[in-house]
Amino acid sequence: MSRKAANIISAQIILKNDCVLGLATGSTPIGIYDTLTHWCEKGDLDFSEVKTVNLDEYVGLDGTHDQSYRYFMNKNLFDRVNINKENTNVPNGKAENAEEECERYHNVIESMGGIDLQLLGIGNNGHIGFNEPADVFEEKVHKVELTESTIQANSRLFDSIDDVPRYAYTMGIGEIMSAKRILIVASGKVKAPIVKELIEGPVRPEVPASILKFHNDVILIADEDALSLVK
Ligand code: F6R
């Protein structure tokens, strides 16, 4: 699964060396980032002109905090490939003013001229980025209160559940949907019910990932476990 996804990202970089990649954190992309690192070390892939914009960041965590998404990206990809760190973007979890940070990050995405390829994972509750199940699809970068299910799922990475931040900044559905191509990855039995819902269910904001049905260039890469409930 990781090799297939890495192949698609790698093809994007080869076709357009200064492309804009939208990136995700979480467990699922780790193998993808390992594979890309390996190909870069071999000299088959060149990140020197690539620009990146990440989906989200926890509110309150500094980029040096080992559970921040900036730290994750540096550790799993940026510090291992020949990317110019100045061309990498993650929301600032320590921003003093949330509204200004949302506006700033929206403008970062706009100023890059849009995302060529957006990598997404999927939450057990259908979230993409941190767009949690809601009554409406939120369009732009916003600050979101994480649901109990997400806090529970992410607590595996913190010493205690009380340490998991309650809020995050996330790209909105509009910015994600504006990406020219979307690559969504899912692995493991725990994702089987939501992958079934994604493929077979209707489009509704209670399942934020369902909006992807309205995008004209989406690739889903999933392993057998994640696909095990699909008819
Ligand atoms: C991470 C992100 C989240 C994750 C999702 C799945 O930047 O935006 O939407 O993609 O929570 O996480 P994993 O891969 O850990 O199951």
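From the backbone N, Cα and C atoms, a Cβ is placed for every residue, glycine too.
The feature domain 'Glucosamine/galactosamine-6-phosphate isomerase' is assigned by TrEMBL to 5-216.
Secondary structure from DSSP puts D56 (active site, proton acceptor) in a beta strand. Cβ contacts within 10 Å of D56 (active site, proton acceptor), excluding its own Cβ and spanning all protein chains shown: 24. The active site, proton acceptor annotation in TrEMBL covers D56 (among others).
The number of other Cβ atoms within 10 Å of the Cβ belonging to N125 (active site, for ring-opening step), over all protein chains shown, comes to 19. Residues annotated as active site, for ring-opening step in TrEMBL: N125 (among others).
Non-local contacts of H127 (active site, proton acceptor) by the CB criterion (under 8 A, 6+ apart in sequence, same chain) comprise P133, T147, T150, P208, A209. According to TrEMBL, the feature active site, proton acceptor maps to H127 (among others).
The feature active site, for ring-opening step is assigned by TrEMBL to E132 (among others). Under the three-state DSSP scheme, E132 (active site, for ring-opening step) falls in the coil class.
All chains included, 22 other C-beta atoms sit within 10 angstroms of the C-beta of E132 (active site, for ring-opening step). Rounded to a whole number, the distance between the Cα atoms of E132 (active site, for ring-opening step) and D56 (active site, proton acceptor) is 12 Å.
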